[in-house]
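For reference, the structure is listed below as structure tokens.
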Amino acid sequence: MLKKEDRIFTNLHGEQSHDLKSSKKLGDWDNTKALLNKGKEWIIEEVKKSGLRGRGGAGFSTGTKWSFMPKESKKPSYLVVNADESEPGTCKDRDILRYEPHKLIEGCLLASFAIGANSCYIYIRGEFYNEASNIQRALDEAYKDGLIGKNACGSGFNCDIYLHRGAGAYICGEETALLESLEGKKGMPRLKPPFPAGFGLYGCPTTINNVESIAVVPTILRRGASWFASIGKPNNTGTKIFCISGHVNKPCNVEEAMGIPLKEIIEKHAGGVRGGWDNLKAIIPGGSSVPLLPKSLCETADMDFDSLKAAGSSLGTGGIIVMDKSTDIIYAIARLSKFYMHESCGQCTPCREGTGWMWRVMMRLVKGDAKKSEIDQLLEVTKEIEGHTICALGDAAAWPIQGLIKHFRNEIESRIQ
């Protein structure tokens, strides 16, 4: 369990004001100039040494990602912060935007400096109206105080940060679709290569990072990479915000050490499963895009990238969705299928046609109107979609169904009979 003094997001639940004066009292903007004066290479090396992995779902090394940016480029470089949080069961970034805006803005400055970007864009989900207002207010405060803009923090480095509001499309959370949207085009993922580090926003070198990945950077640089690396497990270091929802007594967002047992985080922070642990049916451990885990696997699962991969799921965004024995699990997954069908951009045939087909079959399984042979057919189609699309939305639509068939096939078959 994370010690109180190791928490990074001390105002995660909004117990104090989030204005600049209050944020400074909590340690934000504390001698940021000294961190900038240590140089780009030092910042990137510290982030690498800390073992910070992307908190948006993919889990790629943040420091390594930054090092892909060209050292010398005739074109301008950009930092883009992905605040288009739309994954069902996930609301961690929303609380950072709402209650810890200055951590994010300071992180934007340090990350922009490290990759040589003089402009940073925060792309925020369209529905996050109040959060966008908070970020804009915090940006105005930071500009007024000379913390960003020309000669940011008196360091001689110029950094402008812009807030861009999306229009509510889930697909724009995919980094290249986000860039297309930011350029004023329809949000459709791009083919890779070229990768954003070489050809990103407006055809210029670009790094795209998640809100949480950027917001933890100032604290890592202040407290040291070794401090961050000492929390959690090897290759799964540091703290992470987990969102616990569903059939628990106290749904919450909580910052915890990576690698905390799934059972422990639910019982210590969310008041346990409704009706007790024995009433548990299954848990989706990382937001709606990852395969569910039945109760037997939840007993031993740890909340980190490698442990959940070994259990046949993924950490994803850290959105823990708890389902007790009252859940119609087939309908719950069918509901997710409908979401992915609705949010597919339609660019790739397997996803465009497959998501709708999967949802229709799932609804027949819910009603018990299907044949047993259709279960295998459905599984086969999920495997044909997986890995055959430009972006990962096809995979995200396939995995929940694969998890359902793997762990609850008996329930599907008994309903058909």
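Including glycine, each Cβ sits where the backbone N, Cα and C put it.
Features as listed in Swiss-Prot:
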- Gly54, Arg55, Gly56, Gly57, Ala58, Gly59, Phe60, Ser61, Thr62, Gly63: NAD(+) binding site (BINDING)
- 166-213: FMN binding site (BINDING)
- Cys345, Cys348, Cys351, Cys391: [4Fe-4S] cluster binding site (BINDING)
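A count of other CB atoms within 10 A of each Cβ picks out Cys172 as the most crowded of the binding-site residues Ala58, Cys172.
When the binding-site residues Leu178, Ile208, Cys348, Cys351 are compared by the number of other CB atoms within 10 angstroms of each CB, Cys348 has the fewest. Of the listed binding-site residues, namely Gly184, Pro196, the sparsest CB environment within 10 A is found at Gly184. Under the DSSP three-state reduction, Cys351 ([4Fe-4S] cluster binding site) is assigned to helix. Distance noted between the C-alpha atoms of Pro196 (FMN binding site) and Phe60 (NAD(+) binding site) is 15 Å. With Gly166 (FMN binding site) as the anchor, the candidate binding-site residues are Gly54, Ala58, Thr62, Cys345, Cys391, and the one with the nearest CA is Cys345. Same-chain residues that are not part of Cys345, Cys348, Cys351, Cys391 yet have a Cβ within 8 Å of the Cβ center of the [4Fe-4S] cluster site turn out to be Ile171, Met188, Pro189, Ser344, Gly346, Gln347, Arg352, Thr389, Ile390, Leu393, Gly394. In sequence order, Arg190 are the binding-site residues from Ala58, Gly184, Arg190, Tyr202, Ile208 with a C-alpha within 10 Å of the C-alpha of Cys391 ([4Fe-4S] cluster binding site). Nearest Cα neighbour of Cys348 ([4Fe-4S] cluster binding site) among the listed binding-site residues (Gly56, Ala58, Cys172, Arg190, Tyr202): Arg190. Here Tyr202 (FMN binding site) is positioned 24 angstrom away from Gly54 (NAD(+) binding site), judged by their C-alpha atoms. In sequence order, Tyr78, Glu183 make up the list of same-chain residues 6 or more apart from Tyr202 (FMN binding site) whose Cβ falls under 8 Å from its Cβ. Note on proximity: of the binding-site residues Gly56, Ala58, Phe60, Thr62, the one nearest Cys172 (FMN binding site) is Gly56, by Cα distance.
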